[in-house]
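Novice: For reference, Swiss-Prot lists these features for the protein:
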type	residues	note
ACT_SITE	Cys403	active site, for GATase activity
ACT_SITE	His532	active site, for GATase activity
ACT_SITE	Glu534	active site, for GATase activity
DOMAIN	304-559	domain 'Glutamine amidotransferase type-1'
Amino acid sequence: MKVVLVSGGVISGVGKGIIASSAGLLLKTLGLRVTAIKTDPYINTDAGLLNPLEHGECFVLDDGGETDLDLGNYERYLGIQLSRDSNITTGKIYKQVIEKERRGDYLGKTVQVVPHITDAIQDWIERVAKIPVDASGEAPDVCIIELGGTIGDLESGPFVEALSQLRHRLGRDNFLSISVSYVPIINGEEKTKPTQHAIRQVRSAGLIPDVIACRCERELDQATITKIARSCQVEDEQVIGVRNMDTIYQVPLLLEQEGLLKLLQKGLALDKCQVTPPMAQKGQALWDLWKKTVVPDRHLEPVNIILVGKYVSLDDSYLSVHKALEHSAMRCNRKLNLVSVDSEHLEPEMQEKDPRKFHEAWAHVVRAQGIIVPGGFGTRGIQGMVDVAKWARERKLPYLGICLGMQTAVIEYARNVMGLKGATSEEFSATAEHRVVIFMPEGSKEQMGGTMRLGSRTSHFKPGTEWSKLRGLYGGVDVVEERHRHRYEVNPDYIEDLEKAGLSLTSMDDQGVRVETIELKDHPFFVGLQAHPEYKSKTLAPAPSLLGLVAASSGCLDEIIEAAHKKQSSSNGVSDVTNF
């Protein structure tokens with residue numbers, strides 16, 4: 001077992017997740033199998049009930065785990081499938097230890113942070129690091145661990161101590177520590193004091209840094225690198241500058257140029273690892289494809305997409321949607337111009353309350369080449385989502401509704417095409433006459449955490465849907481799997497009437513009862529999914545539905561669908577370099 005720890009000092013939010021993901025990608029280019037773990041010091045069991053405006057999105061995994069958004073970064077960069085146990089929280093660890101104490105597993109001992117909590121953390125890491133994360137079914141060679149928060153925070157203490165002990169247990173050739181720090185520029189001068197203080201804390205915690213990754217706005221001066229190296233007791237080559245790039249997808253290229261891959265090879269004694277020739281070839285092919293895909297987009301033709309949502313004041317609230325659109329734009333050779341619009345600003349009441357916000361919001365809608373409405377909860381801003389779905393439907397503008405976005409599209413269709421006045425969702429009105437969206441029978445209204453329909457679920461395209469653009473984007477297959485996170489569904493009692501009115505319900509669940517996707521046949525691209533396809537989008541393999549939206553908005557949908565069919569017909573029995 002080999003571990004790469006990525007920790008941070010000074011401040012959070014400096015890019016630990018991207019650096020961790022990039023380090024993992026560089027290791028994969030050598031033909032190694034890589035997994036990832038994120039530790040979070042909060043006491044919540046998982047991210048399922050965290051406010052997206054405070055913490056960012058909740059990222060959902062195949063097994064239904066509701067996790068930190070950084071796990072999405074790992075999956076997107078590394079092309080892997082993680083599990084709920086890949087996200088370790090203080091809440092999970094304490095719950096496990098307390099349950100063991102109640103069972104009597106500790107035989108009457110006084111249960112303490114050291115050794116019981118720290119041992120539990122180490123045991124958890126060693127167990128998860130061995131879980132296969134790709135189609136091969138083989139255990140990973142290297143585990144990337146991102147330490148949430150910053151070293152020195154009170155709540156991070158048990159994790160820091162556990163990782164310090166793990167470093168000692170594994171030995172020098174099996175544990176490499178990357179410390180990420182921020183180098184601010186004040187009056188044109190690169191300031192090194194924050195980094196010096198941060199590394200001093202790291203050292204005092206027992207995590208001697210093997211690499212110091214300095215986040216900065218520009219390329220670091222050699223004098224700054226030398227100063228940091230001397231004050232932190234490392235060599236110059238162990239200090240790498242991670243400057244701002246045009247896109248985050250160029251960070252792996254930058255880190256390779258800065259010498260991180262060589263440091264990883266040396267620090268982990270990777271020359272002793274047995275990498276088969278086929279795996280080495282896959283690694284090189286992956287690197288070649290990455291470099292070809294992530295070219296700068298400055299000279300590409302733009303495509304203007306608007307995201308209409310409830311939590312747009314924080315970009316991280318819809319991080320996976322943003323990334324999936326970026327992946328899709330790269331695939332279509334377009335520069336993504338994404339504008340987020342608060343759905344509440346599109347509502348008639350806003351015209352009286354704040355005319356400027358109302359007109360600005362609708363101006364973005366008018367200029368858009370495509371519209372996406374992602375998931376969400378609650379009644380706020382729903383009318384705005386309904387109105388923008390009507391705009392897209394009537395003006396033949398490419399539209400993609402995800403989860404709540406699909407449900408509001410169904411509500412709009414029921415109201416304005418079927419003539420069902422006041423049609424709505426049971427989430428917004430439990431007594432309305434026409435509840436075209438209802439609470440799922442198996443859901444719980446008493447307990448919120450972990451009670452939704454979560455994780456990977458199967459959708460079956462119905463016979464006669466060969467015309468479906470969405471089905472075409474999947475390569476014309478009969479069955480697909482996407483991740484879900486919802487409590488409400490299209491009311492089965494209205495399925496027949498919706499289809500008679502012209503709304504095609506193109507796929508259903510395993511039982512053929514629950515609506516999974518909707519489409520309009522006579523529209524350039526009007527698609528809704530109950531699933532969250534953004535969670536499975538990869539940098540080198542965009543989510544088909546989001547790729548379809550960008551392609552339709554860019555005028556190349558037919559080309560993309562044709563390519564999907566060709567890939568599907570040629571992929572049988574052929575391994576994918578993006579997934580190993």
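Quick reminder: no glycine exception, Cβ is built from N, Cα and C everywhere.
Describe each of these features in terms of where it is and what it packs against.
Specialist: Within the same chain, residues at least six positions away from Cys403 (active site, for GATase activity) with a Cβ under 8 Å of its Cβ are Pro374, Gly375, Gly376, Arg485, His486, Leu529, Gln530, Ala531, His532.
Within 10 Å of the Cβ of His532 (active site, for GATase activity) there are 23 other Cβ atoms, across all protein chains.
Spatially close to Glu534 (active site, for GATase activity) yet at least six residues away along the chain are Ser320, Val321, Lys323, Ala324, Pro374, Ile402, Ala543, Leu546, judged by Cβ distances under 8 angstroms.
Residues belonging to the domain 'Glutamine amidotransferase type-1' (304-559) score a mean pLDDT of 95 in the model.
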Novice: For Glu534 (active site, for GATase activity), just give me the three-state DSSP call.
Specialist: helix
